[in-house]
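What Swiss-Prot says about this one:
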type	residues	note
COMPBIAS	1-15	compositional bias 'Basic and acidic residues'
DOMAIN	131-211	domain 'WYL'
REGION	1-95	region 'Winged HTH domain'
REGION	1-21	region 'Disordered'
REGION	96-207	region 'WYL domain'
REGION	156-200	region 'Probable ligand-binding region'
REGION	208-299	region 'WCX domain'
């Protein structure tokens, strides 16, 4: 089984190679990130992470100062550059979303040295995840079929057929529903596009070109607007709280979702037709255009 390795792992042994691969723009992103989230940076931060020389680190800091002169000031007593009150991030990689995602990766897989720009970090934890078995060779074959517009012969297991049976699929995309990986594919047995769990594909072999079916998934290519509101059964103060939680505009959130993925989204939001009968305090959100959405799910 291949090692679970990402760029940036085992940094102590790869500093020189990172420095060779990553140009100055990447190092400027690093400076921006560390100033935003650590509040400070010095030359050794750059030399340690990228394996570059001290003179090169000085040049990078000088270049960043030209780029955003109001973002940092030099503290002579500590010999570090500190972010100022006027700091405004230059790069999207310094966003709160990116930073929290970096922390989440550390919490989910603490045994892996994640290749992010994290310096000091708060203690962080995440609820354990159940990971499904994935066969590298199977996933590789599915990806090849997607790339080359080909069909694949597979053995697929399901709750109704736990031993597995032969099927021919023409996959066109991968899907993550928030919990599991699927491939979206034309099922030659059923004569329709369906989702197939990658963990339940036991074998996959090339079955030749099938470009026509690889591009004809109407439900995949159709985008549906979902309008979310604070649940009308909540009191005014509670609705205001929910609207602030989700940064609603005029009391609404507008999402676009592929029609083929609607059920997954509603399940995560606790808003399927079955789930929607719970107490308002449990649901918190509601579908403003629920009649339209539930009708689409029945198609």
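Placed from the backbone N, Cα and C atoms, the Cβ positions cover glycine too.
Per DSSP, the domain 'WYL' (131-211) is made up of 17 helix, 41 strand, 23 coil.
Residues belonging to the domain 'WYL' (131-211) score a mean pLDDT of 95 in the model.
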